[in-house]
Amino acid sequence: MKHLHDLPAWSKLWNHFDDSKTLHMREMFEQDPQRAERYWLQVGGLTLDYSKNRINDETMSLLFELAHEAGVPERMRQMFHGKKINTTENRAVLHVALRNRTNSPIVVDGEDVMPKVNRVLQRMGEFAHEVRSGSWLGYTNQVITDVVNIGIGGSDLGPLMMCTALKPFGHPRLNMHFVSNVDGSQLRDVLSKVHPETTLFIIASKTFTTQETLTNALTAREWFLNHAGDEEAVAKHFAAVSTNQKAVAEFGIDTANMFEFWDWVGGRYSLWSAIGLPIMLYLGEENFIEMLNGAHLMDQHFINTPLERNLPVILALIGIWYINYYGGGSHVIAPYDQHLHRLPKFIQQLDMESNGKQVTLDGKAVGHETSPIIWGETGINGQHAFFQLLHQGTHITPIDLIASLEKRSNLPGHHEILLANVFAQAEAFMRGKTPDEVRAELKAQGMDEARIEELVPHKTFSGNRPTNLILMDKVNPRNMGSLIAMYEHKTFVQGIIWGINSFDQWGVELGKQLAKTILGELTGETGSQKHDSSTERLINLYLQTNRK
């Protein structure tokens, strides 16, 4: 395989970095009136302004050269054609098949997967229609008013994010609840809000053996039966997203209400699959299909557009520039829309679980940085929390500012204030404020010279802080589909360039294995096992505390 450090463009970019690292965006804008026009892209209902980055035409040219040398176009084609690019698990990677609205064949191991994708989608639609229309009745012949999704990781983060983002499109009768944490308090809080007669539980676990999910599911089942009494009532109030038909049936769920997905769908890429059943229940089949349409639009742009005008590719390459050359170890997601407040958490899993890897596809140490730490918060709240660090801290931290052009509320003045802040922050991060500008401002306030000079260093902003401004014309299912697909493909492209597998997650496994051993010790089912002195002490502290 091609190793990043051996690519000619990798070295050329280091030389270019040495020559260009002192350039300031403020001056680049002053010298080039067409800068914003050149570094601007529109795809469907999304607009990307990437002009406020530490880049020029040479930077982008060399980054595109790097992408070609790393084999990005070929790897993209392999994914779309069903090749087993998840080499450590010997699996295809085909979340794009789930939103393949052209229905053109996508073949894995000699089988076109589209018929079974469409079959599950149709079954989801029929089930959602029954629940939403009120024809699906609980054990007391009442309609469903609450849906509780029990899952973890990709079985939770994606559906929760999308249902929250698209709340204005949700069914007015349905209240959506999501349970992922096994600590008990989250499930207890949800159960205190719902009624067994009108609640539908969705248990989302591919194997139906995930410890956290099954623990919560069994507790929910016990709570339900304490009220319903009759085991047969479970079938009216529980559905499953799984491939383990036997375990689902043993749980008491009617397998007619089991919705499958496949090993070529990774958890963090699965909201388009049956894992998205809560989304379809809440938004309806038509809006779910619109979400798929938006993702498909981005897929087609991604696979058919030259790298030089390819939105996910450009975002990926700019990220590479900061991570591998500037040493930017983190990346902020700041949506300026309260309904998008779950988006940073979703992208955090997407990026960090995909690209938080230390070895290349051939098992060698990477020798360079990979995934940054992804974090964030809604933009307005962030401005009053951590934007101080972004403006005047010592780290180079790229920021994605995400907003909608169309108002989401009829409250006068709110949206204009919101967008004014988005645009102002992007400008402030780029321009900064020079010492002379600070002096002039303070002098105009009548401040004496000595006090001015004391304050100048504190009120100066260096600027040159990078941002991507991502605008949706409106927040709707189609544009949300495009937005999430864009981030998926960005993550994939960065993984290609780093030479890593973006589609496994072996780092999740070690802690699970050790937890099984320790659980036996905490419950008394097994004797003491050999651990380090710290872990032994922690186990003993728990046992002593709970003997009292």
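Here the Cβ of each residue, glycine as well, is placed from N, Cα and C on the backbone.
The active site, proton donor annotation in Swiss-Prot covers E353. Residues or ranges marked as active site in Swiss-Prot (evidence: sequence analysis): H384, K512.
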Tertiary neighbours of H384 (active site) (same chain, Cβ under 8 Å, six or more apart): none
Spatial separation of E353 (active site, proton donor) from K512 (active site) - C-alpha basis, Å: 16
Three-state secondary structure, E353 (active site, proton donor) (per DSSP): helix
K512 (active site) in three-state DSSP notation: helix
Neighbourhood of E353 (active site, proton donor) by C-beta distance under 8 A, where only residues 6 or more apart in the same chain count: G153, R268, Q505, G507, V508
